[in-house]
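Let me begin by presenting the structure, written as structure tokens, before commenting on it.
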Amino acid sequence: MAQTSSEKLRAWQGPAIFSFGFRPFFLFGAVWVVLAMVLWLASMAGLITLPTRFDPVSWHAHEFLFGYLGAIVAGFLLTAVPNWTGRLPLVGWPLAALFALWVMGRAAVLFSAHIPVALAIIVDLAFPIVLGAMILREIIAGKNWRNLVVLGLLSVFTLANALFHVEATQGGYAAQGMSLRLGVATSLMMISVIGGRIIPSFTRNWLARTDIAARPAPPMQRFDKLVLLASLPALAGWVLYPAATLTSVALVAFGAAHVARLTRWQGHRTLSEPLVWVLHAAYAFIPLGAFALGFDQLLGNLGTAGAQHLWMLGAIGAMTLAVMTRATLGHTGQTLIANRATVLIYICLFASAFTRLCAPLWLEASYVAGVLWLVAFSGFVAAYGPSLMFAAPRKKK
């Protein structure tokens, strides 16, 4: 008789951290983003020299986008795909091997100044390629064609990583190159697609447990699909022609469309539940970043890097942290309630994004934003690390 997912999880007798895909990638993705921030701040302060062939800012950007986010995307997909396809999850030593590939990629990029360039690129790209192949196998086996769009976005994300290496190898400042913009744009589309499913669903479930009669619009209606389709040319324009006036106009329109989409989800009615409102707040950084980048070109230099960080720290950072906290609670058998530590984590993350925006006016803003980021993710590791590392205690019958 074939095993069910729960039976397969119970059959694993090894370390609990390899009992489900979200465990190693959520925990060590957060650990890595803390360590990477410490190394980058130390490098910027002149205390250390990073052993990477990337310039410090490019390494910092690469490891946030393709290192940290790559891990969180893996943790999410390895947890969600079994639910999408009805097939068994990846657990045990195969999961450990995939995790080891991610670790090797981080080491290869960090120490890339001391190993052959080709080796660093191959090792770094091995993880997303193997992950994509595994997801493709599951989608085909489960005939879950609806989620091929997610695999397509993951493929473009991997292509952006490869292009980042090419730009860095050619002596360019990759942090300002097309590859980073392509990676960010693809990440925003992932958030728009997946967030468009989970945010209204979680909101509806929470409102149904309260006395509030209002309900959000159902996920992925025709309006949502139109917004997603309209987002593609706006983001493509930003990737290819970031300084063009037409791109700026398209970004402002893109932001307005996502504001309209967000308001349909009734987020203002969830302010008493942090695990729900944080999803709405994180999604709000998609239009905020679009407005900031669009008006940066239309009205003058308001600080392109700070505006871009609204997307990176706000939309990507906050949405991943929101999903990580909720999924950890839900999949480790805990009550879906955000304690004070969790709320503080959210506040520090949002404060980091807004502080970074002030960098053109305040020289120390980047460092303060970095410290706030460290507090947020160190707090996640401290508060949620034990739940991710160890099995939940068995309840007495």
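Note that Cβ sites are derived from N, Cα and C of the backbone, with glycine treated the same way.
The following features are taken from TrEMBL:
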type	residues	note
TRANSMEM	25-45	transmembrane segment
TRANSMEM	65-84	transmembrane segment
TRANSMEM	91-111	transmembrane segment
TRANSMEM	117-136	transmembrane segment
TRANSMEM	148-166	transmembrane segment
TRANSMEM	275-295	transmembrane segment
TRANSMEM	310-329	transmembrane segment
TRANSMEM	341-363	transmembrane segment
TRANSMEM	369-392	transmembrane segment
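Taking residue pairs at least 6 apart in sequence, the transmembrane segment (275-295) and the transmembrane segment (148-166) share fewer than three C-beta contacts under 8 angstroms. Residues 188, 191-192, 195, 198-199, 202-203, 206, 234, 238, 242, 247-252, 254-256, 258-259, 262, 265, 267, 302, 304, 306-308, 310-311, 314-315, 318-319, 321-323, 325-326, 329, 336-338, 342, 346, 350, 353, 357 of the same chain lie 6 or more positions beyond the ends of the transmembrane segment (275-295) yet place their CB under 8 Å from a CB of it. Between the transmembrane segment (25-45) and the transmembrane segment (341-363) there are fewer than 3 Cβ pairs closer than 8 Å, counting only pairs 6 or more residues apart in sequence, which means the two stretches are not in contact.
Under 8 Å from some Cβ of the transmembrane segment (65-84) lie the Cβ atoms of residues 5, 20-26, 28-30, 32-33, 36, 90, 95, 98, 102, 105-106, 109, 124, 127-128, 131, 135, 138-139, 142, 144, 146-147, 150, 154, 157, 160-161, 164, 180, 183-184, 187, 190, 194, 312, 316, 320, 323-324, 327, 331, all in the same chain and six or more residues away from its ends. A Cβ distance under 8 Å defines the sequence-distant neighbours of the transmembrane segment (341-363), meaning residues of its chain 6+ beyond its ends; these are 274-275, 278, 281, 285, 292, 301-303, 305-307, 309-310, 313-314, 317-318, 321-322, 325, 369-370, 372-373, 375-376, 379-380, 382-383.
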